[in-house]
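What TrEMBL annotates here:
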type	residues	note
DOMAIN	B:4-119	domain 'Thiamine pyrophosphate enzyme N-terminal TPP-binding'
DOMAIN	B:193-328	domain 'Thiamine pyrophosphate enzyme central'
DOMAIN	B:392-540	domain 'Thiamine pyrophosphate enzyme TPP-binding'
Ligand SMILES: Cc1ncc(C[n+]2csc(CCOP(=O)(O)OP(=O)(O)O)c2C)c(N)n1
């Protein structure tokens with residue numbers, strides 16, 4: 001089962017490698033991992049998308065909690081939550097493809113944020129499946145490069161992860 | 001007071017009441033050694049290899065309730081220390097390791113004797129720090145000691161670049177530590193404890209299974225009281241030996257791969273199993289699927305939530321300090337109404353006694369050739385069961401665990417988790433320094449002892465009157481046993497030719513050496529050795545080369561599928 005784990009961790013050098021090292025040492029999957037400081041710069045927030053049986057997820061959260069620098073851990077996918085991911089796609093945009101690309105961006109409510117006479121960079125935000133759908137809707141031959149941020153997540157309503 | 005970083009390090013150790021630091025100098029720690037030179041509160045034990053420094057500090061910690069401290073230089077000093085650190089980590093031993101690092105400006109430049117010590121040790125420490133500013137030394141060392149000894153204990157490494165140890169700042173040792181990210185649980189959950197006590201009172205085939213956690217938490221007194229109140233059978237794991245007195249009738253011996261028949265059967269067929277500070281390790285329960293086949297309710301008390309439901313599903317998890325939880329259990333038991341499982345308990349004990357009557361620890365002694373079990377039994381007799389026994393890894397370790405009866409905690413020091421050959425001698429050094437009046441013996445094998453044999457020199461320098469009992473079978477015995485049983489008797493590289501004359505070797509280091517070849521000489525040699533109060537005596541027992549450790553549960557098999565003796569093969 002896919003799970004989205006959010007955690008707050010002290011913003012110390014090496015903190016990220018403690019988390020990634022834990023996953024590799026114990027053979028846990030990481031589908032994506034994002035990290036950046038929070039409004040309190042002494043702390044970072046990480047979102048980890050992982051898969052595993054209930055037992056494994058239980059171990060993952062326990063092991064994460066055991067790391068000395070980890071302040072709090074929540075499996076946000078246990079209840080209502082929102083996930084978003086950002087994708088930048090550079091596509092070939094010449095001739096009739098130029099109009100077609102614009103149309104596709106509109107359908108997916110994406111934005112074209114860079115334009116040259118031969119290419120566009122399209123910015124799209126959404127959950128993973130929306131991003132996947134956009135990619136598969138494009139002609140692969142026209143995709144020059146894509147970059148995805150990995151998933152960010154937050155619980156709905158009064159489910160708040162804060163110290 | 002303005003001090004250098006190095007002076008601050010030493011002042012911190014003084015504040016932590018550290019008596020001994022085990023270490024080895026080098027370029028990156030020269031300032032720290034200089035600061036050590038100018039004082040006499042913290043004593044330094046100069047080992048002959050950094051691995052032994054960490055093991056000795058670890059042995060010091062295991063035999064006391066204190067944090068062990070080691071000091072090593074950057075690069076090779078730190079890498080040599082890694083085996084020691086990993087060994088301590090696997091057995092949750094509280095330690096602080098201070099390592100020197102190249103100057104901050106040189107970090108990342110592939111400088112001479114530079115390794116990423118924090119990176120290399122990250123997976124085998126409870127936590128580690130790189131101190132980049134002299135102002136942070138005191139607070140970091142304070143945190144290191146706090147982390148090492150609270151919660152589930154473990155080794156903490158502090159890496160200090162050379163320039164940081166040279167810079168100066170005002171010294172003040174923090175009185176307290178507060179870390180928002182680290183708040184170990186102490187009190188067990190009341191409701192869970194109530195549930196556990198209820199289950200224990202209703203049990204028909206109860207069993208108590210305890211591990212190293214009981215020793216680490218200094219909770220043997222509470223465990224003993226609770227076990228006697230309940231009147232249930234109990235087993236202590238390899239790491240937990242001495243947690244409950246081994247000579248008591250309720251004690252069934254060690255469980256697991258080389259445990260007793262009665263302990264394993266009682267574990268397997270219990271209907272309520274109380275696990276305290278133990279972790280259902282593969283060497284203890286064998287195949288988890290086989291173990292899970294028998295329905296039983298499991299109560300698991302542990303300081304570390306991640307130990308619970310890791311290998312077996314637990315019905316009543318209780319996270320907390322063992323001493324605290326056991327005390328609460330005792331309180332609730334005292335207030336509980338009379339038990340109504342007395343009949344069932346009688347039947348269960350009858351069953352347990354029947355298992356015990358198989359006498360699985362019996363072995364055939366000989367008049368001609370020295371049996372290792374006999375040596376350990378004699379060692380127990382000669383020391384009155386009061387010695388601290390350290391061991392290495394292999395058959396001798398199992399024989400020591402099986403035949404020396406430990407009635408008190410912190411008397412048995414061995415590498416249970418990592419299984420590191422070479423720990424025996426340095427553990428004995430640490431234990432002897434920590435317990436000057438106590439007899440300390442190291443039960444080892446001719447292969448293991450050679451992994452840290454250079455420490456005989458340290459023992460001479462510090463006048464440590466250890467008794468080393470080398471169960472010399474001229475084989476990597478445990479490897480040979482597995483090859484005999486599971487690899488068609490193909491003894492690939494398990495025979496060691498060209499062994500030294502250990503008695504002479506000990507003499508060369510300035511000690512006393514005996515070579516013992518006849519069973520009739522065993523006791524006399526031991527008595528002679530222990531009578532030499534000031535000497536280290538190396539007793540080289542020439543034992544039966546092909547003796548195997550029984551009983552045995554093969555790796556991957558279940559607890560009920562035991563080989564009791566060679567006849568079962
Ligand atoms: C550092 C290390 N290397 C290898 C092993 C694997 N190993 C386990 S027991 C053993 C043989 C030990 O021989 P010895 O010390 O003579 O003890 P015996 O089993 O003969 O009593 C070996 C090689 C280990 N545990 N530790």
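Counting begins at 1 with the first residue displayed.
Glycine is treated like the rest: Cβ placed from N, Cα and C.
DSSP labels the residues of the domain 'Thiamine pyrophosphate enzyme TPP-binding' (B:392-540) in these numbers: 61 helix, 25 strand, 63 coil. Residue counts of the domain 'Thiamine pyrophosphate enzyme N-terminal TPP-binding' (B:4-119) by helix, strand and coil are 56 helix, 21 strand, 39 coil (DSSP-based). When DSSP labels each residue, the domain 'Thiamine pyrophosphate enzyme central' (B:193-328) comes out as 58 helix, 24 strand, 54 coil, counted as helix, strand and coil in that order.
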